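**Q** Quick one: structure below, then a few questions.
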Amino acid sequence: MKISIFFAFLGAAVALPVNDDDKIVGGYTCPKHLVPYQVSLHDGISHQCGGSLISDQWVLSAAHCYKRKLQVRLGEHNIHVLEGGEQFIDAEKIIRHPEYNKDTLDNDIMLIKLKSPAVLNSQVSTVSLPRSCASTDAQCLVSGWGNTVSIGGKYPALLQCLEAPVLSASSCKKSYPGQITSNMFCLGFLEGGKDSCDGDSGGPVVCNGEIQGIVSWGSVCAMRGKPGVYTKVCNYLSWIQETMANN
């Protein structure tokens, strides 16, 4: 059994152990600045992953998106052009969860401290951490600049959105026998056709105004019976708060 993670580098895909389902397939172009907490993680060459602004100086993302140097781009809609109001801030600290497992993607969560605080406005704002875990069938919003097709590559300039429900723990485990830990949940449509995928990794799953998930991994994007798998943010509230307080 092998899962694969796919990172896009200038149009080329590099397969690594573990599969990252980090794009939006079957979604729609988000209305401009509908998702003001969404950030793009840039490696100096291109967009690599998504993330979420949770305070004026901290971003939440996936641990498998880690790079030694990252620039956080806020207030973006079209990531290929400057539209006005964007803020580009280098990362000061990039902190992966100490128990992150790159083989199983358990604890796939990371915090990024910005070198300077973001200026909060209508284009750049924070998303709330959850007060409790999301319930089955909760409707959530997933967003990102990832691949928009299941086969091949078609990466959008404009931020894409997808509304999808949280699936039951039993159906999630049935879709991925032996691979789902208590720190993961599935979201999407078992019939396929709509999903997150390559390029959306690290991005937000927001339910009722709270960030409940981080785009983590999956099988072939939008494949029947293989929904996207997300990091369960509600399990990490203490770690998030302690890490921010200590850094």
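The backbone N, Cα and C atoms fix where each Cβ goes, glycine too.
Take a look at what Swiss-Prot says about it:
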| type | residues | note |
| --- | --- | --- |
| SIGNAL | 1-15 | signal peptide |
| DOMAIN | 24-245 | domain 'Peptidase S1' |
| DISULFID | Cys30-Cys161 | disulfide bond |
| DISULFID | Cys49-Cys65 | disulfide bond |
| ACT_SITE | His64 | active site, charge relay system |
| BINDING | Glu76, Asn78, Val81, Glu86 | Ca(2+) binding site |
| ACT_SITE | Asp108 | active site, charge relay system |
| DISULFID | Cys133-Cys234 | disulfide bond |
| DISULFID | Cys140-Cys207 | disulfide bond |
| DISULFID | Cys172-Cys186 | disulfide bond |
| DISULFID | Cys197-Cys221 | disulfide bond |
| ACT_SITE | Ser201 | active site, charge relay system |
**Q** Near Cys133 (disulfide bond), which residues of its chain come within a Cβ-Cβ distance under 8 Å, counting only those 6 or more away in sequence?
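**A** Once residues fewer than 6 apart are set aside, Cys133 (disulfide bond) is near Gln212, Lys232, Cys234, Asn235.
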**Q** List the Cα distance (Å, whole number) between Cys207 (disulfide bond) and Cys221 (disulfide bond).
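**A** On Cα coordinates alone, these residues lie 21 Å apart.
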**Q** Cys172 (disulfide bond) to Cys221 (disulfide bond): how many Å between their Cα atoms?
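**A** Here the two Cα atoms are 15 Å apart.
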**Q** Take the C-alpha atoms of Cys221 (disulfide bond) and Asn78 (Ca(2+) binding site) and report the distance between them in angstrom, rounded.
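**A** Counting only the Cα atoms, the answer is 23 Å.
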**Q** Show, in sequence order, which residues other than Glu76, Asn78, Val81, Glu86 on the same chain lie with their Cβ within 8 Å of the centre of the Cβ atoms of the Ca(2+) site.
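**A** Same chain, not in Glu76, Asn78, Val81, Glu86, Cβ within 8 Å: Arg73, Gly75, His77, Ile79, His80, Leu82, Glu83.
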**Q** At the Cα level, what's the spacing in Å between Cys30 (disulfide bond) and Cys65 (disulfide bond), rounded?
**A** 23
**Q** Would you mind pulling the DSSP three-state label for Cys221 (disulfide bond)?
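**A** In the DSSP reduction, Cys221 (disulfide bond) maps to coil.
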**Q** What's the CA to CA span in angstrom from Ser201 (active site, charge relay system) over to Cys49 (disulfide bond)?
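**A** Here the two Cα atoms are 5 Å apart.
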**Q** What's the CA to CA span in angstrom from Asp108 (active site, charge relay system) over to Glu76 (Ca(2+) binding site)?
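**A** Asp108 (active site, charge relay system) and Glu76 (Ca(2+) binding site) have their Cα atoms 24 Å apart.
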**Q** Please report the distance from the Cα of Cys49 (disulfide bond) to the Cα of Val81 (Ca(2+) binding site), rounded to the nearest angstrom.
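**A** Distance (Cα to Cα, whole Å): 18 Å.
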